[in-house]
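K.L.:
Got a structure for you, written out below as structure tokens; questions coming shortly.
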Amino acid sequence: VLSPADKTNVKTTWDKLGGHAGEYGGEALERTFMSFPTTKTYFPHFDLSPGSAQVKAHGKKVADALTTAVAHIDDLPGALSALSDLHAYKLRVDPVNFKLLSHCLLVTLACHHPAEFTPAVHASLDKFFSTVSTVLTSKYR
């Protein structure tokens, strides 16, 4: 459960990303594909080479979904319901992949914002990404 302090840390950090959230989403997705090659199986139609426009575009979609989640941090199930349906029923993404992408998002954010990435912020973002992952996989059951 996200505490009030966690919610503040997440919102403050996300605000500091400014217009870079989409860029970071693409970088994190590319990092996921490079670090965990099995995640590529869901994207056979993509050009997965470094710097791919398709990977960047999908990374922006990920970042946009997270921006929506941050804006609706008190109602994540409601805010992410359609996305949960898509991943559970149509795409059938293995839930472990959300954890892998979450890890790569944390690494990417830490690389770009080392001063702001305090232990408390790291813990709050980790809890937030874990909560988002749980919501996205809730309809798998």
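We count from 1, first residue shown onward.
Cβ atoms here come from the backbone N, Cα and C positions, even for glycine.
What Swiss-Prot shows for this protein is this:
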BINDING   His58  O2 binding site
BINDING   His87  heme b binding site
DOMAIN    1-141  domain 'Globin'
MOD_RES   Ser3  phosphoserine
MOD_RES   Thr8  phosphothreonine
MOD_RES   Lys11  N6-succinyllysine
MOD_RES   Lys16  N6-acetyllysine
MOD_RES   Lys16  N6-succinyllysine
MOD_RES   Ser35  phosphoserine
MOD_RES   Lys40  N6-succinyllysine
MOD_RES   Ser49  phosphoserine
MOD_RES   Ser102  phosphoserine
MOD_RES   Ser124  phosphoserine
MOD_RES   Thr137  phosphothreonine
MOD_RES   Ser138  phosphoserine
K.L.:
Give the number of CB atoms, excluding that of Ser35 (phosphoserine) itself, located within 10 Å of its CB.
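P.N.:
Looking across every protein chain shown, the total is 12.
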K.L.:
Filter the recorded positions Ser35, His58, Thr137 down to those whose C-alpha lies within 10 angstroms of the C-alpha of His87 (heme b binding site); answer none if the list is empty.
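P.N.:
Final answer, ordered: Thr137.
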K.L.:
Looking only at the domain 'Globin' (1-141), what are its DSSP counts of helix, strand and coil residues?
P.N.:
111 helix, 0 strand, 30 coil
K.L.:
Go through Ser3, Thr8, Ser124, Thr137, the listed modified residues, and name the one with the sparsest Cβ surroundings, counting other Cβ atoms within 10 Å.
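P.N.:
Lowest Cβ count within 10 Å among the modified residues (Ser3, Thr8, Ser124, Thr137) is Ser3.
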K.L.:
List every residue in the same chain as Ser138 (phosphoserine), at least 6 positions away in sequence, whose Cβ is under 8 Å from its Cβ.
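P.N.:
In sequence order, the residues whose Cβ lies under 8 Å from that of Ser138 (phosphoserine) (at least 6 apart) are Pro77, Ser84.
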K.L.:
Measuring CA to CA, name the entry from the modified residues Lys16, Ser49, Ser102, Ser124 that ends up nearest Thr137 (phosphothreonine).
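P.N.:
Of all the candidates listed, Ser102 is nearest in space.
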K.L.:
10 Å Cβ neighbour count around the residue listed as 'heme b binding site'?
P.N.:
21
K.L.:
Across the whole of the domain 'Globin' (1-141), what does the mean pLDDT come to? Round it, please.
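P.N.:
PLDDT averaged over the stretch: 95.
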K.L.:
For the modified residues listed here (Ser49, Ser102), tell me which residue's CB has the most neighbouring CB atoms inside 10 Å.
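P.N.:
That would be Ser102, with the most Cβ atoms nearby.
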K.L.:
Run through the Cβ atoms and count how many others sit within 10 Å of the one on the residue listed as 'N6-acetyllysine'.
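P.N.:
Its Cβ has 13 other Cβ atoms within 10 Å.
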K.L.:
Using the alpha carbons only, what distance in Å do you get between Lys40 (N6-succinyllysine) and Ser49 (phosphoserine) once rounded?
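P.N.:
On Cα coordinates alone, these residues lie 11 Å apart.
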K.L.:
Would you mind reading off the Cα separation of Thr8 (phosphothreonine) from Ser124 (phosphoserine), to the nearest angstrom?
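P.N.:
Rounded to the nearest whole number, the Cα-Cα distance is 9 Å.
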